[in-house]
Amino acid sequence: MTDAKYEGTVKWFSTKSGYGFIAPTSDNAPTKEDIFVHATAIVTESDYPNLKEGFQASFLTYLDENGKLKAKDVTSSDGSPCPHVPRYSNRKSGNRKKGGKGAEDGEEQDAEDGAEGGDGTQNPRGKRNKPRRQKKDGEEGDAEGNGEGDDEGKPRAPKKPVEPSWFATLEASVQESMTSRDIKVMNGSCFLAVGDSAFVKLGTKGYAAMAHSSGVLAEGTYTTAPDGSVTMEWPKIIKADGAEWSATTVEAVGDAAIVELKLTDESLKSTTREDTTEKLWGEGKNDPMDVMEANEFLSKRIVFFDTRNRRRGGNRKYNRKRGPNNKSGGDGAGPAPEAPASAPSAPQE
């Protein structure tokens, strides 16, 4: 090639890759195609050889060992060294061309106030950073620097602390007493046989249920104390008069409504799958579910033992339409002909 210099316009240049292309504009240029230029071919006083897109350059050409035409001795059009160009100035905010070709003509972004930090109005990916919301006096939660905020910069509501299980709030001696009598708390629920007269369920979130041998079903709430004292309230209660069930009150059933327990009482024991309500109050009572629904009981079944016993033969569901073990059908209005061997037993959430 000759030592004649040619004029051209920088089409694009990648600082990261260290090369780019110049589109020749001289009539006597050896080619009209874009000419490859490497960073080492740039004459500049900058520590980072770079060319700005659209820059008018002057250059020589040569053939590499593979016979490809390349530019060398790249200077300004007047022969002076190429000016310093801030690194990454060829990037277009948020829309950089594939292959590191930089931005469209005439669009720049200085490293100091764009891609490399700056005043914080844009991040390296070209997305605008939203200002963080300042925490007001007396406001809970930290709106700054903890990552706890939504897309609008508003702080998220603090997470509610997990309440411990009621069993965990009992004194160690009470827990040991229950464990020694094989009274278990499974998934926050405990099923108790109160002597031979009643079954009680202490469930999660303060839910309680009770069945009494006098033909009483109740649903309500309970609270416990560290010493094992349990206090129960029964806003929903029904009683059987013969075979028929009807709503009643705690005062009307008297002592049949168990309102207090002591978990350390030796008369308390864990129920088993054989402890059914039919066994407790005897046969001859209709299905109470219609009356329970009419009085807004939460329970959909009558269960007073761990339902996982079903796999071992326990807790068979009470069929409301057919009645227990009534294979011939019927509407369940009459007394149950026979209590199932392992029938269900009392309200559950």
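Placement of Cβ uses the backbone N, Cα and C atoms for every residue, glycine included.
Pulled from TrEMBL, these are the features on record:
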- 89-100: compositional bias 'Basic residues' (COMPBIAS)
- 105-116: compositional bias 'Acidic residues' (COMPBIAS)
- 125-135: compositional bias 'Basic residues' (COMPBIAS)
- 139-151: compositional bias 'Acidic residues' (COMPBIAS)
- 309-324: compositional bias 'Basic residues' (COMPBIAS)
- 334-349: compositional bias 'Low complexity' (COMPBIAS)
- 5-76: domain 'CSD' (DOMAIN)
- 72-165: region 'Disordered' (REGION)
- 308-349: region 'Disordered' (REGION)
- [ ] May I have the DSSP-based helix, strand and coil counts for the residues of the domain 'CSD' (5-76)?
- [x] 3 helix, 37 strand, 32 coil
Task: Mean of the pLDDT scores, which run from 0 to 100, over the domain 'CSD' (5-76) - done: 92
